[in-house]
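Lifted from TrEMBL, the feature list:
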type	residues	note
DOMAIN	5-132	domain 'EamA'
TRANSMEM	33-49	transmembrane segment
TRANSMEM	61-80	transmembrane segment
TRANSMEM	92-109	transmembrane segment
TRANSMEM	116-138	transmembrane segment
TRANSMEM	144-162	transmembrane segment
DOMAIN	145-278	domain 'EamA'
TRANSMEM	174-199	transmembrane segment
TRANSMEM	205-224	transmembrane segment
TRANSMEM	236-255	transmembrane segment
TRANSMEM	261-278	transmembrane segment
Amino acid sequence: MSSRLSLIIGILCISIFPVLIRATPISGISDAFYRMSIATVLIWPYVLLNGNWQAKTLRYWKPILVCGLFFASDIVVWNLSIQESTATQASLLTNLSPIWVGIGTFLFFPDKPTKYFWIGTATALVGLVLLMGVEVFLTMQFDRAFFLAVLSGLFYAGYIVVSKTVLDKVPILNFMASSMTVSSLYLVLLCVGLGEPLWGFEPRIWGSLVVQAVVCQLLGWIAVSHALQKIDAQRVSLSLLSQAIVTGFLAWLFIDEKITVQMVLGGIIILLGIAITFRRPVNP
């Protein structure tokens, strides 16, 4: 499968998550734990029974540990930000992650972002503001929810940058199984420590958690990880902005949220910005 097709599939799978969160009225931390733990329980038998496990994966335990903690923290603080503000504001601030990825890549990696990345990022962020609504951007309050959403974007960016370095060296499924195990252990400790509920949910909530684990976590992030093996981390992070477009369409389709001309225009500008980042500098 081509890396770009894999990225598109990953984006489609991940985009379902905000709609499912709206339909899953439980603690954001409990939700995050079950999303990760169910996916972890499902992936390990496949990795072990099919002979996919490679012992060399353990050599990279430090970045894998960091990835697991970053990803789990991203989900938790993003969910908490949504609960304390709005999904729109939280999504807008979390999706600033391409900026952090670009800065991190510029500071710590030899493969520097090109001018097309920065032009594309600026273009896509204009589109994101239009998609979410200019009024949302102008009326933001610099409260706890604001900083949680920004922190979510930082964790998101950190995960993408660090996972890129590991995926160059170990198989995707080895990385996913190991990092999700770290995430699950971290999240269950959070749930127990903070007294978050872990059982007694309705059947429909369990169904939503299973879909989150299988579609959003396993299928979505395995596909994105496959893309990260071939595509720059900066481009992948910016391409993930298109989640907002797919999520908006799904919200209109399933939970009756409105789509306006401004939102459509914002979506088109986001796609234009993503396309700009995939341009290659012309050699003289």
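Backbone N, Cα and C atoms are what each Cβ position is placed from, and that goes for glycine too.
Averaged over the domain 'EamA' (145-278), the predicted model has a pLDDT of 83. When Cβ distances are compared across the two stretches, the transmembrane segment (174-199) makes no contact with the transmembrane segment (261-278), since fewer than 3 pairs at least 6 residues apart fall below 8 angstroms. For the domain 'EamA' (5-132), DSSP puts the residue distribution at 106 helix, 0 strand, 22 coil. Residue counts for the domain 'EamA' (145-278) under DSSP, split into helix (H, G, I), strand (E, B) and coil, are 111 helix, 0 strand, 23 coil. Nonlocal intrachain contacts for the transmembrane segment (33-49), taken as residues 6+ away from its ends with a CB within less than 8 angstroms of a stretch CB, comprise 72, 75, 173-174, 176-177, 180-181, 183-184, 187-188, 190-191, 196, 198, 209-210, 212-214, 216-218.
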